[in-house]
Amino acid sequence: MEIERSYLRRRGRRRSGLPLTDLAAVFSSKLRLTLEENLGKKSAEALLSNTHYNTTCPDAEAIINQKVAAWVKKDPTLAPSIIRLHFHDCVVRGCDASILLNYPNSERAAYESRSLRGFQVIDDIKTEVEKKCPRTVSCADILTAAARDATILAGGPFWEVPLGRRDGRVSIAREASLVPHGHENITALVGLFQELGLDILDLVTLSGSHTIGRSTCHSFMDRLYNFNGTGKPDPSLNIYYLKMLRRRCQGELDLVHLDVISPRIFDNVYYTNLKRKVGLLSTDQSLFSDARTGPFVEAFATQPFLFTSQFAVSMVKLGNVHVLTRPNQGEIRANCNYVNPL
């Protein structure tokens, strides 16, 4: 923690008004958060375990790792896509693989889910796991572990994924709109994360997954021409970045890297981009300008280890959101696309 304290002493008080000791304490408590503490809670997530499949399907994580590596080797853009797929799943009904259910009026069929990718990766993993251990490993666990492996392959940190989730049986298209899509204000994002059991630090940290991956121009087109109905571009956009984005976005479905500097490397450059006013989505750029989130952005921008360490912690928390773990909850799907026949 000495690197954090020395950094905080140099910067003085933050715009949030938090004394240095308080801000340092926040980081200290978050970074010391261990998996055992998470699992010690008397809740559904307490039934998750690192050893859940040790006897019933000991090869499960190896299969997941090998399959994700093979797919990402063929197409590196799948790494951020799998992380995003996991996030979309957990925001709606918790981490229960509801996003994978493939039928009319499911989350997957919703307009808001049209740019999601990585379903074939999960199907491939599930097929192989079913050969080894039929009806044993849930799709929810596969997706959660695959998100971790995708992060590592992109250069991000490792973390132990507690397993034992069960798959949900319900998926409703209109609920897909609950997932942030780049236009929300910080207050709305903070409120959403609180409902998920996540805090402001988790919000800033998990947003850092935008250090890799791409976005459709539709998600930020208003920033280029008609921000908040003003008929003008977003004044918080760097003028040179604005011109570049206008050239790149000839159509709403055109793709642009979320991190203009190092788009294929999992690093903290996402946060330095925000300081330079080259955050792609308005939700990204607002993290730097808002007094509640700005101090964390500044800390992550200058201390890469803080970001990667906290990212591992926050991803464990995300993967534990509203999980189904008890025998009378959900099921273990035989096929991730469909609920089991009665």
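Glycine is no exception: its Cβ is also placed from the backbone N, Cα and C atoms.
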*Recorded disulfide partner - CYS133, candidates CYS57, CYS90, CYS95, CYS217, source TrEMBL*: CYS57
*From the binding-site residues GLY94, ASP96, GLU107, HIS210, pick the residue whose C-alpha lies nearest to the C-alpha of CYS139 (disulfide bond).*
ASP96
*Measure from the Cα of CYS336 (disulfide bond) to the Cα of every one of the binding-site residues VAL92, GLY94, ASP96, then give the nearest.*
ASP96
*asked:* An 8 Å radius from the center of the ASP89, VAL92, GLY94, ASP96, SER98, GLU107 Cβ atoms defines the neighbourhood of the Ca(2+) 1 site; name the other residues of that chain inside it, in order.
replied: HIS88, CYS90, VAL91, ARG93, CYS95, ALA97, ILE99, GLY168, SER171
*Using Cα-Cα distances with a 10 Å cut-off, which of the disulfide-bonded residues CYS57, CYS95, CYS133, CYS217, CYS249 are near ASP89 (Ca(2+) 1 binding site)?*
CYS95
